[in-house]
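What Swiss-Prot says about this one:
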ACT_SITE  His362  active site, proton acceptor
BINDING   8-11, Lys22, Gln72, 77-78, Gly139, Glu154, Asn169, Asn227, Arg332, Lys350, Tyr365, Asn376  UDP-N-acetyl-alpha-D-glucosamine binding site
BINDING   Asp102, Asn227  Mg(2+) binding site
BINDING   Ala379, Asn385, Tyr386, Ser404, Ala422, Arg439  acetyl-CoA binding site
REGION    1-229  region 'Pyrophosphorylase'
REGION    230-250  region 'Linker'
REGION    251-459  region 'N-acetyltransferase'
Amino acid sequence: MSNFAIILAAGKGTRMKSDLPKVLHKVAGISMLEHVFRSVGAIQPEKTVTVVGHKAELVEEVLAGQTEFVTQSEQLGTGHAVMMTEPILEGLSGHTLVIAGDTPLITGESLKNLIDFHINHKNVATILTAETDNPFGYGRIVRNDNAEVLRIVEQKDATDFEKQIKEINTGTYVFDNERLFEALKNINTNNAQGEYYITDVIGIFRETGEKVGAYTLKDFDESLGVNDRVALATAESVMRRRINHKHMVNGVSFVNPEATYIDIDVEIALEVQIEANVTLKGQTKIGAETVLTNGTYVVDSTIGAGAVITNSMIEESSVADGVTVGPYAHIRPNSSLGAQVHIGNFVEVKGSSIGENTKAGHLTYIGNCEVGSNVNFGAGTITVNYDGKNKYKTVIGDNVFVGSNSTIIAPVELGDNSLVGAGSTITKDVPADAIAIGRGRQINKDEYATRLPHHPKNQ
């Protein structure tokens, strides 16, 4: 039989105090909704239907082309949300997972186990439950002496005995699909909230003597539903621990994993060393034996093997093998650094390609440049690429030596093996093998300093 999935993502999330739909708030680099969608993939659903509502267009954009969508224009409860999927799923034979889009910590393994449990026990409905020493506020799972599920009782309706139950409802379920939609026709809004509850379906199945079961999560953290910023931070913390643990098991060294922030899609090779307060975001890839020191921040970038990045920022760029960057360097988007390049302290590179073995040791700006191999930038070199309206390109050939405190005004080209004298302002192309000097001639006026106030003779 087929599996189907319904993801509930229509809510506004008032307690988040945000214009962004709740399910689009991010945990470890991707939205909560994407986390749930990826985990749902473990059950290989034939159809996945996502119920949208508040700012539906934003939610649909995130999963465009990956799921079918239905709209819940009025948020009238979880049962009502599932009703919205009727045109797509009613009458199909199979098992349907119903899950909230604000549960980013649920794993694919747990959802697969839930489905298997449901099928193996021939249940018409199976509740995903968890156990906690502090069940206050959760619906409790009431079982009989044979451990069969009798009902779900909410906190406000629970007896003193029922309040002692530690098994709680996580809000995730599996149903026989055909029976689900038959039962939905019989639920109503006769409750304090005036809403249709999916839990009422469980009651209907019990009344008709059909088999209802419960599968208990091994890890309570997976049950977390995010309703406010506090829970969002908790989810981020748990996810970060999971991610860092995975990398450590796979051969990555962390000085302080609790103070290291790595997004879920980051890839890290063997023998990488990561110090505290390192952040790796987006689609970043780190090559083997690279060292990332305290304070390094890398976004959507590829760093090769054996690199050393010291307290620096790299954004949307590629860094080849053996490169050293920092401290206090900034590699801005659309830059590429060739093998063995050295970018030192207080150097900024923007939108530039730099050939292998090139060095910019300190206090340099390289913007909109095409730089060859074995180039040396002296301290204080500035490539001037912007005239207030347009940006221009500088081309620097191989084996060029740029003296300290030089200003290179684009558009300009420095030929192979050329040399720029220290303190020069370069406004014209420099031919290959030439020396360019663009500075005022030094004039010494003998004894002139004796006329000035600072001279000891005038004190």
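Here the Cβ of each residue, glycine as well, is placed from N, Cα and C on the backbone.
Location within the structure of each feature annotated in Swiss-Prot.
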residue: Lys22; record: UDP-N-acetyl-alpha-D-glucosamine binding site; DSSP class: helix
residue: Gly77; record: UDP-N-acetyl-alpha-D-glucosamine binding site; DSSP class: coil
residue: Asp102; record: Mg(2+) binding site; DSSP class: coil
residue: Gly139; record: UDP-N-acetyl-alpha-D-glucosamine binding site; DSSP class: coil
residue: Asn169; record: UDP-N-acetyl-alpha-D-glucosamine binding site; DSSP class: strand
residue: Asn227; record: Mg(2+) binding site; DSSP class: coil
residue: Ala379; record: acetyl-CoA binding site; DSSP class: coil
residue: Asn385; record: acetyl-CoA binding site; DSSP class: coil
residue: Arg439; record: acetyl-CoA binding site; DSSP class: coil
Practice task
Express the distance between the Cα positions of Asn169 (UDP-N-acetyl-alpha-D-glucosamine binding site) and Ser404 (acetyl-CoA binding site) as a whole number of Å.
Solution key: 68
Exercise for the section: For His362 (active site, proton acceptor), name the DSSP secondary structure in the helix/strand/coil scheme. Expected result: strand
Handout entry: CB contacts for Gly77 (UDP-N-acetyl-alpha-D-glucosamine binding site) [other CB atoms within 10 A, all chains]
Key = 21
Completion exercise
Between the C-alpha atoms of Tyr365 (UDP-N-acetyl-alpha-D-glucosamine binding site) and Ala422 (acetyl-CoA binding site), the distance in angstrom, to the nearest integer, is 16
Practice task
Calculate the distance in Å between the alpha carbons (Cα) of Asn227 (Mg(2+) binding site) and Lys22 (UDP-N-acetyl-alpha-D-glucosamine binding site), and round it to a whole number.
Solution key: 8
Problem - Top Cα neighbour of Asn385 (acetyl-CoA binding site) in the set of recorded positions Ala10, Gly77, Asp102, Arg332, His362 - result: Arg332
Completion exercise
From Leu8, Gly77, Arg332 (binding-site residues), the ones whose CA sits within 10 A of Ala379 (acetyl-CoA binding site) are none
Fill in the blank from the handout: The recorded positions listed are His362, Ser404, Ala422, Arg439; by CA-CA distance, the one closest to Ala10 (UDP-N-acetyl-alpha-D-glucosamine binding site) is His362
Fill in the blank from the handout: Sparsest Cβ environment (other Cβ within 10 Å) among binding-site residues Tyr365, Tyr386 belongs to Tyr386
Problem - Among Leu8, Ala10, Ala379 [binding-site residues], residue with fewest other Cβ within 10 Å - result: Ala379
Handout entry: Largest separation between Cα atoms (Å) of residues that the record links to acetyl-CoA, namely Ala379, Asn385, Tyr386, Ser404, Ala422, Arg439
Key = 22
Practice task
Have a look at the recorded positions (Asn227, His362) and report the one with the fewest Cβ neighbours inside 10 Å.
Solution key: Asn227
Completion exercise
Leu8 (UDP-N-acetyl-alpha-D-glucosamine binding site) falls, by DSSP collapsed to helix, strand or coil, into strand
Exercise for the section: Could you measure between Ser404 (acetyl-CoA binding site) and His362 (active site, proton acceptor) for me? Cα positions, answer in whole angstrom. Expected result: 10
Practice task
Find the shortest Cα-Cα separation between Lys22 (UDP-N-acetyl-alpha-D-glucosamine binding site) and the binding-site residues Asp102, Tyr386, Ala422, Arg439, and name the residue that gives it.
Solution key: Asp102
